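Below you'll find the structure, written out as structure tokens, and then a few comments.
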Amino acid sequence: MSVEEAALALWAKSGNPFHPLLAHMLDTAAVALAVLRMEPPRTRALYAEDWGLPEEGALAWAAALVGLHDLGKASPVFQAGWEEGKERVQRAGLPFGELLDWVAHGVFTELFLRRLLKEKGLPERAANDLAAALGAHHGFPANAEEKSRARRHLRTEDPLWKEARRWLLEEVFRRLGAPLPPSQGNGEARPEAVLRVMALASFADWVASDPSLFPYGRDPRRGDYLKEALRLAQEALNRLGWPAFAKAQRREFGELFPYIPKPNALQESVPALLEGACTPVLLLVEAPMGMGKTEAALYAHHLLQAGLGHRGLYVALPTQATANGLFPRVRGFLERLGEGSRLELQLQHGTALLNPHYAGLLERAAPRQVGEEEEGGAVASAWFSARKRAMLAPYGVGTLDQALLGVLRVKHHFVRLWGLMNRVVVLDEVHAYDVYTSGLLQALLRWLRALGSSAVVMTATLPPSRRRALLEAWAGEEVEGQDLGPYPRVVLVGEGVKARSLPPAREVEVALEVLREVDVEPLAQRLKGALPGAVGAIVNTVDRAQDLYRALGEGTPLTLEELARRLGGISGGQAWEEVRQALPERGGEVVGKVLTDGTLVFLLHARFPAEERALRGSVVLALFGKGGPRPPRAILVATQVAEQSLDLDFDLLYTDLAPIDLLFQRSGRLHRHERPRPEEHARPRLLLGVPEDLDFGKPLYWDKVYEDYVLLATWRALSGRDRLRVPGDLEALLEEIYEGENPESFPEGLRERAKKSLKALQERRDREANTARRLSLSELDRLLAYWDEGALVAQERLEDDEEKAETQRLLTRLGDPSVAVVPLFRVGEGLFLDREGRRRAPLKGEVSREEAEALFRRAVRLSRFPLPQELLKEEPPPAWRKSGLLRGLRPLEVGRVFRSGERAFQVELDPELGVVYLPV
Amino acid sequence: MGSLEKFNLIDEPWIPVLKGGRVVEVGIGEALLRAHEFARIETPSPLEEAVLHRLLLAVLHRALSGPRCPEDVLDWWRKGGFPQDPIRDYLNRFRDRFFLFHPEAPFLQVADLPEENPLPWSKLLPELASGNNPTLFDHTTEENLPKATYAQAARALLVHQAFAPGGLLRRYGVGSAKDAPVARPALFLPTGQNLLETLLLNLVPYTPEDDAPIWEVPPLRLGDLEGARTKWPLTGRTRVYTWPARGVRLLDEGDGVRFMGYGPGVEPLEATHRDPMVAQRLDAKGNLLVLRLSEERSFWRDFSAMLPRQGGKVAATLEHAENLQGELEDEGLEGRITLRVLGQVSDQAKVLDIRREVYPLPSGLLTPKAEENLEKALKMAEELGQGLKHLAQEVAKAVVGERDRGHGRSPYLEELTKLANSLPLERLYWHALDGAFPRFFARVEEEASLDLWREALRGAALEAWKATRRFLGTGARHLKALAQGEQEFGRLLGELGEEVRT
């Protein structure tokens, strides 16, 4: 038997007919080629630049490498896995020796390619890296232990096997007409070049492994096999809704955002700054909410895409809620941008299924199945919804976590990075991230730049050191001594640094009144005394919010129905109309209370089951926001959840002392819109609660939420002031508090405490920054490292599913773990979702999609010690383990008692207060 | 006392190496530039062995700005040496920082540490402990303190900075000091056929940014260290390899050292850092868990804690050595590797034991077959060990006689325990296995290895039992106890035999 016959006998996919190895390798290469041909020219130019080859040669070379991803299947271990196939291989002359233990074929791919690529003439470093990258196509590079096991097999293997592999490799190169790249420098391949091949191999393999797209049994000996495979690949991509890049013509701002009559200063500055950009850029937008940052970013994407040929857009937001909120706006933009063509929009985060807008898209995509052309409009095809594949879609909205997983060595992280390649990545609300997450974000920026993407970073103002860190992560060098002008501003880092200051959108001068008595009873009296009006109180902890709500007085529970009745005829505002649509189904749910004098009181915090929180959020947005019916006497008690994103407008605001940036965020909710107000509130006033003794510990526990030093420093900076310009004063205060860290400037009695707490703060910051740098791929050349801390992450082989507890903890490193629970009520023998025992909780057997969503909507995240510690030790019910949506949840019977040391508490679910912890 | 600049560690002989079967001392320069001529660093002290390697590695990483990737190491292996010029240039550049005695910057010491209240130099060595440490290994006391040669003192200094356990200090405003970087973990040092290979096997790829060894930073002064003023995050490869855990100033007596000034060093801040010689893994929150040596047991009894299948922790040096070995074998080069596990066992501030265990590193160490055999072998050994422990108690009981046990910590029970513990049964058994394990481990993949191991267990148990008989003597009660014990012992060996058949 000849080597060729032996090689052709090898199988890749078992079955009748089976699929030969060479055939699958060529199929995969064909998919890679087809994908690259549908990419914008700039993506292809990046591949060409990676290897110093002309474009066609570079594509053929990359496709050949992708094809070789399964060369490891040309091993006795793999070929013995299917008896029929094994016999055929044996008959073709390839002997099977004593079969040792099983080793994954990816490991063999690496070992084979290490040698064969070198023998072919590729320099050692490039060969080894490519080999390891292609061997990792199932998610992780092989470790030393796997490789030494694989090597043992090779020692006893008949030499014909190696001949067969060499023949396969040559055949793949020959069929594709792939050249060898010229040797560059010291024979290394750049990490981003390796990544571009590495990720494409996984992606192409997913497509080529689908037998409905690539039927088995096609004979690779046929001369036109590759041509046919290319046709199938093209067809497959069409059927899967993979869009070809269409160059967008440059459009005017007004065409894309018809609802904005005239672009504002920010929206005008962005195009001016981008004018003439011919390399990818970082655009840093520092501006307060309400300046149309989102539209500016979307327009920046359009201009960059039109100018540079970026392949798409990813908008990364801090939370799922904000991502859901932005989705319709991005969709609208894309629909206007893509008139006639099809632009896919992908909502990408763990609970995307619950977003009604997204679910609608999915429904529309589903019945048609693959193969039928859409008639335009944004269609998130189901294919892209499978988690791993999702980041590949050219247009997406999701959480930052999803993007950050690209720089942590979890499963298939490299596919995520590839998906963000040559894209415009918009990172929103960057000020909200802690030191650790900011560190990961800097690593992400480094990769984005290396991968030829542009980034738009949007933030409220940042302390100078954090701004510098972001700019330098992009620039790769020091960005020192730049006078960027005052806030708000836009900074562009491309070839050089350009900056523009903007006139503030709206400046409010707020009278500041300090309350040194922070107990909830007097505070409640004070708030009630400020009525009539729409009064807000933002406090630092959930317990305190619940206490304050109670202290406002006994009232009658207010159902949604009752609320609608009271506000009866008043219509108006989209938010309020959406709330009213929920009436038939949820009219009976409690959303607040009514005091005897008719005052409406609402409570909003994160310890309500998701659907209750969402309903309350909508109600609050409708009543305190733009356009809706504004009750004459209303108080909202809220935690930090009211500080971000929600477009609320209070006549008067009370806030607990918090770090200065958050105080400004909160103050931004004061007299936010133009509207008539009660006389007493004609001028905006902020009440700031600061405990008399400056003790932020027990029973306030503010020091568990914020850094003691930052609270102290904020207080020191504010004391003596009686007004604040929002946002005008923020920048100077930020700098004073975060950068001018000088405990000596504190009054005598506080100096020692300031010194100590500052030291603790600095040490913690350094530690978190260091941890982020070590655990993430903060340096490009650690992509495949086996020796560093990142390799320890890889060693854990974490799923790339941010809902998994382990992955989540790696992403956040939150000191206090939390657990998402579904509160259940015991009625008789059974556990129910409701107190009355009408909806039984499915715990056993199969859980339908509807049931799963119903459970998920009841979830609430709890962190009180030792609740997560105990509950995470318990397995979820069997039925939940099978569901991606439910796997991370734990049932929690209402009334259950938890103990920590001497103390014990009982978990209750109160319809008005949410989850409460009652001492027992 | 003292002179200005003296005893430069780059040139003066102080690193003991084996050359042509003889131990000679060389300086850092020679050790690196002629590494291929030396079989290995040869010292009776496992801790010295570890720190001397760590020092040489630190110089290499900095001088070579790498290796950036494993292929760099392979290149040097194939060429049979390190690039010489960068090493020479680097050592020249920092020559001034390598004097053991120096008015401004004595190596790894603090120049202005006062001479008052000096400590004997032997305090530097855990195995030459004095003061309130148990004198485990040596009976050197302060009265008859021998003078250390400069070479000895230099080695002791390195050992101390790496291994000093935390504890009371009460000097210069610091009440208690923290552990030195590797005071607790087990260190994994794969070794090759000569010093060059050994260094290459441990030269794990390295990024020179964000790191500096002690000689690249300004010399520390007492003022920096008083009141634990200086804290560094415990991270950066060469920073950790050359960590100034304590303030030390060796006092020159012209021809040696007897005393030193002593004080606090740089306090380590917890940090995410992978020390290549330490076996670590990441826990769910992203914190690193470290493999330590344990007091009661030799390292091999915990060997399975390194195995990936059991969520084990692996040292980067081991992974690196395995990768190199594989690559070299692919090229037909032989890379015969031994694994040395070094470190100390300590209980808080007390050093209880110093360890060096040497294992041949069969290629494919961690194959499932090997793992399975290893697990079986360890289980057998532990079970028989448990049996012997029980047997010792039974024998003790028979000797002392049945009595009312009383409650709690009765004198009777204490007597029983004391007698049982004094019997050499368990101790000798494990001791014999310490010697037998490497032989088994060299063949761990082979089917026959388990039979070999069973023989070793049987032999070890028999020897231990014989010694126990001799120990107990021939009193009537003792003979009776032994006769009863004999039966039990036979049963234990029988169980071992049964396993042979299954």
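Heads up, the Cβ atoms here are built off N, Cα and C, so glycines get one too.
Residues or ranges marked as domain 'HD Cas3-type' in Swiss-Prot: A:14-207.
Taking a C-beta cut-off of under 8 Å and a sequence gap of six or more, A:ASP205 (divalent metal cation binding site) has these contacts in its own chain: A:THR28, A:VAL66, A:HIS69, A:ASP70, A:HIS137. Marked as divalent metal cation binding site by Swiss-Prot: A:HIS24, A:HIS69, A:ASP70, A:ASP205.
Taken from Swiss-Prot, the feature domain 'Helicase ATP-binding' covers A:274-480. For the domain 'Helicase ATP-binding' (A:274-480), the mean pLDDT of the prediction comes to 79.
The feature ATP binding site is assigned by Swiss-Prot to A:ALA287, A:PRO288, A:MET289, A:GLY290, A:MET291, A:GLY292, A:LYS293, A:THR294. Cβ neighbours within 10 Å of A:ALA287 (ATP binding site), excluding its own Cβ and spanning all shown chains: 23. In the three-state DSSP assignment, the secondary structure recorded for A:ALA287 (ATP binding site) is coil.
The annotation motif 'DEAH box' is assigned in Swiss-Prot to A:428-431. Within the same chain, residues 293-294, 297, 315-318, 322, 326, 438, 441, 457-462, 470, 644-645, 661 sit at least 6 positions outside the motif 'DEAH box' (A:428-431) and bring their C-beta atoms closer than 8 Å to a C-beta of that stretch.
Note on the motif 'DEAH box' (A:428-431): DSSP counts are 2 helix, 0 strand, 2 coil. Cβ neighbours of A:LYS293 (ATP binding site) (same chain, under 8 Å, six or more residues apart in sequence): A:LEU266, A:VAL285, A:ALA287, A:ASP428, A:MET458. Cα separation, A:MET289 (ATP binding site) to A:HIS24 (divalent metal cation binding site), rounded: 52 Å. The shortest Cα-Cα distance between A:HIS24 (divalent metal cation binding site) and any of the binding-site residues A:PRO288, A:GLY290, A:MET291, A:GLY292 is the one to A:GLY292. Ranking the binding-site residues A:HIS24, A:HIS69 by other CB atoms within 10 A of the CB puts A:HIS24 at the bottom. A:GLY292 (ATP binding site) falls outside any helix or strand according to DSSP and counts as coil. DSSP assigns A:HIS24 (divalent metal cation binding site) to a helix. The Cβ of A:THR294 (ATP binding site) lies under 8 Å from the Cβ of A:LEU326, A:ARG329, A:ASP428, A:MET458, each of which sits 6+ residues away along the same chain. Summarising the environment of A:GLY290 (ATP binding site), the number of other Cβ atoms within 10 Å of its Cβ, over all protein chains shown, is 12. Take the CB of A:MET291 (ATP binding site) and look out to 10 A: across all protein chains shown you find 20 other CB atoms.
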